[in-house]
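Annotated features in Swiss-Prot:
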type	residues	note
ACT_SITE	CYS95	active site, nucleophile
ACT_SITE	HIS222	active site
ACT_SITE	GLU224	active site
ACT_SITE	GLU232	active site
DOMAIN	5-262	domain 'Glutamine amidotransferase type-1'
Amino acid sequence: MVPKVLVMSGYGINCETETAHAFQKAGAETDIVHINDLIAGKKKMADYEIIMFPGGFSYGDDTGSGNAFANKIKNNLFDDLKEFINSGKLILGICNGFQVMTNLGLFALPSTDYGERISALEANTNNRYECRWVHVKENDSICVFTKGITITHVPIAHGEGRFYCDEKTYFELKENKQIVFSYCDSEGNSANQEYPLNPNGAYYDIAGICDKTGRIMGLMPHPERSLYSISEPEYQLKKEIAKRNREIIPEFIESNLQIFKNAVEYFNK
């Protein structure tokens, strides 16, 4: 089947188009929907297979990144969202979307239920907005979005991306293989919570996590902004090296596109 993706929009979300494009390149159908149309009943979550919370600055990050948008969902759509989760479908959140999902409590542990917040995404330790490329490695997690991915090169753009949770939660995440991505160097060596490899001071270098089923993932980096090789900062150098070696640079950064392909393939097992 061709899954349909509900790409959330409204109130400062600004990555809808490139996120929809990523899913389309992976073979999905997409529908960019304003949150008010869901609240008004013009569109229904149940009509989709994947819900996507894109990046941006919802409500200008007032009251904390992702908090106001999460409250709007809690107050109007949370029952629909829980039904969507219980039906076995997928949810993905990138950057501000990860922040929204964190505030909603969507990253349930084996010991918790949906709606219970287990972690936070706090201000970067250097108190600066970080906008550049980083490397992250996949931690052999249970996440359905990341099968076949090891290390990938991907951009970040955030001021509040420092993952934090208490020790008990961290060890439960680790034991259940819910820590999906960690910041690293180009060879996959741990960032050891050191800048600049870890851009925000994230606890144990955590860049992305999933829920206890592996069907709900959030991450701070932006794979939807880095589908194409031409977008990499080193593209011109790589192009020249490839030319001299009579090689061709692949059109896509496959490890980033794979996230969206895995979501589509999940519904075609």
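Placed from the backbone N, Cα and C atoms, the Cβ positions cover glycine too.
Counting every protein chain shown, the Cβ of HIS222 (active site) has 22 other Cβ atoms within 10 Å. Separation of the C-alpha atoms of HIS222 (active site) and CYS95 (active site, nucleophile): 7 Å, rounded to the nearest whole number. On the 0 to 100 pLDDT scale, the domain 'Glutamine amidotransferase type-1' (5-262) averages 98 in the predicted structure.
When Cβ neighbours within 10 Å are tallied across all protein chains shown, the highest count among the active-site residues GLU224, GLU232 belongs to GLU224.
Taking CA atoms as the reference points, GLU224 (active site) and CYS95 (active site, nucleophile) are 11 Å apart. A gap of 19 Å separates the Cα atoms of GLU232 (active site) and the residue listed as 'active site, nucleophile'.
The Cβ of CYS95 (active site, nucleophile) lies under 8 Å from the Cβ of CYS15, PRO54, GLY55, GLY56, ILE156, ALA157, HIS158, GLY161, LEU219, MET220, PRO221, HIS222, each of which sits 6+ residues away along the same chain.
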